[in-house]
């Protein structure tokens, strides 16, 4: 995989001004973004998140998932901490793409869970890859991470490229009546580390 750094700009947000670093995968043409806030240290653990693109949750405020809630909470946590990063990866629908995600939602409307829907369409439950994160983290100067995630695959991906995950920070937000079954499936079938104790509900 060939990841090329492109440019950096300011990104004003409700939580403060982030820096937005653009990257291009020259093999696939996909574009990825790293958001950074404050001064990042290569020696100290940095609060961060790997976030896969979710148009429906991040931009369209869908309650079918917890993605948008996680993104906003991660940005808020980073701003309150004073520094941190988010790697925003263009892997819509756990890697199956937007239109296939809508097809999967149609199957879920008929009773399939999120894993079954992907498999009925001929896809694995999770197609995401994380090999692009190494050059992105190298560019922003991060070697030790306090990782905001419930997904053990992301912790493993960090460790495999030599990034020390000093702490896994649970990010359980946004549970509501529309996504309760989805969250349960992520826990029971995809191995996400979640507990009722950590959940923040949304009405």
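Even glycines carry a Cβ here, placed using N, Cα and C.
The feature active site, proton acceptor is assigned by Swiss-Prot to 126, with sequence analysis given as support. Taking the Cβ of residue 126 (active site, proton acceptor) as centre and 10 Å as the limit, one finds 21 other Cβ atoms among all the protein chains shown.
According to Swiss-Prot, the feature active site, nucleophile maps to 128. When secondary structure is read from DSSP and collapsed to three states, residue 128 (active site, nucleophile) falls in the coil class. The Cβ of residue 128 (active site, nucleophile) lies under 8 Å from the Cβ of 52, 89, 91, 94, 95, 153, each of these being in the same chain and 6 or more residues away along the sequence.
Neighbour density for residue 92 (GTP binding site): within 10 A of its CB lie 19 other CB atoms from the protein chains shown. Per Swiss-Prot, GTP binding site is recorded for 49, 50, 51, 52, 53, 70, 92, 93, 94, 114, 149, 154, and the stated evidence type is sequence analysis.
The Zn(2+) binding site annotation in Swiss-Prot covers 54, 65, 67 and is backed by sequence analysis. Residues near residue 67 (Zn(2+) binding site) in space but far in sequence (CB under 8 A, at least 6 apart, same chain), listed by position: 51, 52, 54, 56, 57, 58.
Taken over all pairs of the listed GTP-binding residues (49, 50, 51, 52, 53, 70, 92, 93, 94, 114, 149, 154), the Cα spread reaches a maximum of 22 Å, rounded to the nearest whole number. Across the binding-site residues listed here (54, 65), the residue whose Cβ sits among the most other Cβ atoms within 10 Å is 54. Most Cβ neighbours within 10 Å among the binding-site residues 49, 94: this distinction goes to 49. There are 19 other Cβ atoms within 10 Å of the Cβ belonging to residue 53 (GTP binding site). DSSP classifies residue 65 (Zn(2+) binding site) as coil under the three-state reduction.
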